[in-house]
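First comes the structure, then the notes that go with it.
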Amino acid sequence: MTEPVTQPALVIPQLIVGLGNPEPKYDQTRHNIGFAAVDALARAWNISLAENRKFQGQYGEGTAPGGVKIRLLKPLTYMNRSGQAIQAVTSWYKLSGESVLVIYDDLDLPLGKTRLRLSGSAGGHNGMKSAIAHLSTQNFPRLRIGIGKPKNAVNGDNSETVSHVLGKFSATETQLMSLVLQFVVECVELSLKQGVEKAMNRCNSYTVEAPKS
């Protein structure tokens, strides 16, 4: 008699976290695209975000399409301490690590590309290093949004990279990124309805194109 094949459990996010830095000077910068993604989700789902001292961030909860209860978080701890805020929410609500979806910027992906994964390393991203340290696992989903590399990047020239990630998108890039954020909402909604693994097929195979002028 053959053993029944057990299907892996669906990974459905319950807490969605966007990474960024809290000061106004960081608004609209490439490094804050995670914040922008959570703002886009909050608008799409009519969820109000408000500062929550206990959770060290801007926090809100509501219902996503399909009737899924969802929590949104923008840590206000600065990027390299993001995990503190994430852990504050997961501890309070007794959420597992794999129920947390973290959205953040990625230099290694070109503009218009996104990557959804079920687990993985921090890849040099300080916010993700903190998230992994505080959740004590790498096994949680993450959605990376491509911000591209600096045009004049020289290997080993960290100053060029820093000014790129902390710089703002050009007018043309801003148009493209608004479309990317719409696509991010689509990918996250698919994750909530069908699980992260199913959503990966859509999210990882599509490139958002700049609007034709």
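Placed from the backbone N, Cα and C atoms, the Cβ positions cover glycine too.
In this view, N21 (site 'Discriminates between blocked and unblocked aminoacyl-tRNA') is surrounded by 21 other Cβ atoms within 10 Å of its Cβ, with every protein chain counted. Residues or ranges marked as site 'Discriminates between blocked and unblocked aminoacyl-tRNA' in Swiss-Prot (evidence: sequence analysis): N21.
Cβ neighbour count for Y26 (tRNA binding site): 17 (other Cβ atoms within 10 Å of its Cβ, all protein chains included). In this structure, Y26 (tRNA binding site) is part of a helix by DSSP. Look at Swiss-Prot and you will find Y26, Y78, N80, N126 tagged as tRNA binding site.
What Swiss-Prot lists as active site, proton acceptor is H31. Counting every protein chain shown, the Cβ of H31 (active site, proton acceptor) has 23 other Cβ atoms within 10 Å.
Under 8 Å, Cβ to Cβ, and six or more positions away along its own chain, D105 (site 'Stabilizes the basic form of H active site to accept a proton') finds L19, R30, H31, N32, I33, G34, H125, R144, I145, I147, V165. Sequence annotations record features per position, and here Swiss-Prot assigns site 'Stabilizes the basic form of H active site to accept a proton' to D105.
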Candidate with the highest Cβ count within 10 Å, taken from the binding-site residues N80, N126: N126
Shell of the tRNA site beyond Y26, Y78, N80, N126, same chain only (C-beta within 8 angstroms of their C-beta centre): N21, H31, T77, M79, R81, S82, G127
Close in space, distant in sequence - Y78 (tRNA binding site), Cβ under 8 Å, 6 or more apart: N21, P22
Maximal Cα-Cα distance (Å) across residues annotated as binding tRNA, namely Y26, Y78, N80, N126: 16
